[in-house]
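> Encoded as structure tokens, here's the structure I'll be asking about.
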Amino acid sequence: MKIGILSRNQSLYSTSRLIEAAESRGHEVKVIDALRCYMNINSEKPQIHFKGEELVDYDAIIPRIGASVTFYGTAVLRQFEMMGVYPVNESVAITRSRDKLRSMQLLSRKGIGMPITGFASKPDDVKDLLDMVGGAPVVIKLLEGTQGIGVVLAETRKAAESVVEAFMGLKANIMVQEFIKEAGGADIRCFVIGGKVIAAMKRQGAEGEFRSNLHRGGSASLVKLTPEERKTAVAAANIMGLNVAGVDLLRSERGPLVMEVNSSPGLEGIEKATGKDVAGLIIDFIEKTAATKRTKTRGKG
């Protein structure tokens, strides 16, 4: 097969592992920087050009689109979909999962467990907003944040009010969540491919750090999931419409709580923590599904 990987840097661990896994199975692979693509969208024959050449005859596309380039990256992916190329994750599913408010509303509607969460833009009563989620301590997040950036633990009501007011001064949309103390600064990343959890790791925050992101100095280790955790992770990925997803859970006294569903989960942490060939499993999934062109929206979303 001819497989394209939408990525801005082929030396990144995840991208290089996907190249390695695909080539070892005899596939032709090309890394495509979505920002350098340009498209003809007003033609009966939709086209994508990259470095002066038309991109043709691709069987599948693997989107590794960074959060900062979601708008244009998903536009390019949508164009591939319109050309009949099989997307590992569809453009509409990626945009759905990248919108934190929309994704949490969808998960809530389907009864998925989550921390009590408040959303706000310019709350005229910060005290009432905090009361809504049970009061301090609370976790306050910028809606556009990634990798633990823009996430603050406010341990007192006064601190929480100050952080909310500071974020309001930035004209930023915010999310206020209850703090799950029993999680102990750890979360679980479940890696879902094709409706199955194929690997899972526990991420523990550095000492004195409540954020468990590996980018913030956290550590990762193999973890055994409960049946409920496995079921929750698969359901969350399915609700987003993602074939490949990283579902982040917290262990709480009331069961697993979903924090986020990531449409472009990194491979380095999960492969090193579990010893599994996750990149190879993604290519295996493409081999089984690309020929059938099983895509729900066909680029209409």
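Going from the start of the chain as shown, residues are counted 1 onward.
Here the Cβ of each residue, glycine as well, is placed from N, Cα and C on the backbone.
For Lys141, Glu178, Phe179, Asp187, Arg211, Ser212, Asn213, the entry in Swiss-Prot reads ATP binding site. Sequence annotations record features per position, and here Swiss-Prot assigns Mg(2+) 1 binding site to Asp248, Glu260. Feature annotation from Swiss-Prot assigns Mn(2+) 1 binding site to Asp248, Glu260; the stated evidence is sequence analysis. Annotation source Swiss-Prot lists Mn(2+) 2 binding site at Glu260, Asn262. Annotated Mg(2+) 2 binding site per Swiss-Prot: Glu260, Asn262, in sequence order, evidence recorded as sequence analysis. Here Swiss-Prot flags 104-287 as domain 'ATP-grasp', drawing on sequence analysis.
Each of these features: where is it, how hidden is it, and who are its neighbours?
In the three-state DSSP classification, Asp187 (ATP binding site) falls within a strand.
For the recorded site, Glu260 (Mg(2+) 1 binding site), the DSSP three-state label reads strand.
Long-range Cβ contacts of Glu260 (Mg(2+) 1 binding site) within its own chain (separation 6+, distance under 8 Å): Lys100, Ser103, Val247, Asp248.
Every protein chain shown contributes to the tally, and the Cβ of Asn262 (Mn(2+) 2 binding site) ends up with 21 other Cβ atoms within 10 Å.
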> Considering every residue in the domain 'ATP-grasp' (104-287), what is the mean pLDDT value?
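In the predicted model, the domain 'ATP-grasp' (104-287) has a mean pLDDT of 89.
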> Measuring Cα to Cα, how far is Asp187 (ATP binding site) from Asn262 (Mn(2+) 2 binding site) in Å?
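Per the Cα atoms, Asp187 (ATP binding site) and Asn262 (Mn(2+) 2 binding site) stand 14 Å apart.
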> Looking at the binding-site residues Lys141, Glu178, Phe179, whose Cα is closest in space to that of Asn262 (Mn(2+) 2 binding site)?
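Comparing Cα positions, the closest of these binding-site residues turns out to be Lys141.
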> Provide the number of Cβ atoms within 10 Å of the Cβ of Glu178 (ATP binding site), excluding the reference atom itself.
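Step by step: centre on the Cβ of Glu178 (ATP binding site), count other Cβ atoms within 10 Å, giving 19.
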> CB neighbours of Asp248 (Mg(2+) 1 binding site) within 10 A?
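Within a 10 Å radius of the Cβ of Asp248 (Mg(2+) 1 binding site) lie 21 other Cβ atoms.
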> Which one of these binding-site residues, Phe179, Asp187, has the sparsest Cβ neighbourhood, judged by other Cβ atoms within 10 angstroms?
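Checked Phe179, Asp187; of these binding-site residues, fewest Cβ neighbours within 10 Å: Phe179.
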